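The structure under discussion appears below in the form of structure tokens.
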């Protein structure tokens, strides 16, 4: 195996990524080197491409980015015992310290010292990626490489949706991006009574309809209260999944929640936006922030969903070779795409 590889690198502090030849990551005793087959583009990667304020404060330059992937094991460290060369895998993109109070209590997703693959350390937009053995997840043979490559965002959706009991509940999802749509699918499959999803992007609304979400609402032209009445809802929503990061959508969600309703919040909203806290108080709402995936309970659950028949393939709207990466990022930046999966083989 050559000691050099192709990779997409944030090599300059400006807009874009660049395909370069870089050294293959070194494998430590507890590490696993994975030959990447498929990579998916995340909204985080778009922020890095755009070199916005968050990226400028967060991303070291130069660095290989990307964190959504699937592949096969190319090499294992001397202390690795659970995996073997050739095994099909994906990986948890949050690397935790294992030493803080939350880690020691089995709550790794709450680690205060989390390092993000492709954010704080070299990522998966390359022919190889190296992660600790503890972050590797084996992929069953009946799950394809492209579906395994979107397990990271699917895990966000599963973690958010399953934060509260959904059986028999009326669920509002704000934001029909890929994670929002997947969250709505999980809610529907988990026994929710009514599932309503809102957005203002026509492409995303059409994608939500294509994937079988029962009630898809264009918030730019439809009144949510009227929709609720038309589908037989006489009270507010029991569970809200806030996926949009849009202040108007969040405020509308709070308005439409039933007393005692529960809201799981994944969307990252603008700093300093206002909500009516009196409504939160007098409705006795339960707000819960969500970040990443529970390690590794969420992974077990999402594998079970897919093996149980949940079809995520339609959420992938663009399948391209890695040399077409610019087209993939343009599709993501336009907002007129679902997931974009790039092929490294």
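In case you wondered, yes, glycine gets a Cβ from its N, Cα and C as well.
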Candidate from 179, 231, 315, 316 that Swiss-Prot assigns to the same NAD(+) site as 199, 204, 266, 267, 268, 290, 291: 179
Can you tell which of 111, 130 Swiss-Prot lists as binding Zn(2+) 2 with 97, 100, 103? 111
Residue 291 (NAD(+) binding site) falls, by three-state DSSP, under coil
Reduce the DSSP letter at residue 179 (NAD(+) binding site) to three states and note it down. helix
Among 44, 67, 111, which are recorded as recorded positions, the nearest neighbour of residue 267 (NAD(+) binding site) by Cα: 44
When the Cα-Cα distance from residue 97 (Zn(2+) 2 binding site) is computed for each of the binding-site residues 179, 199, 268, which gives the smallest value? 268
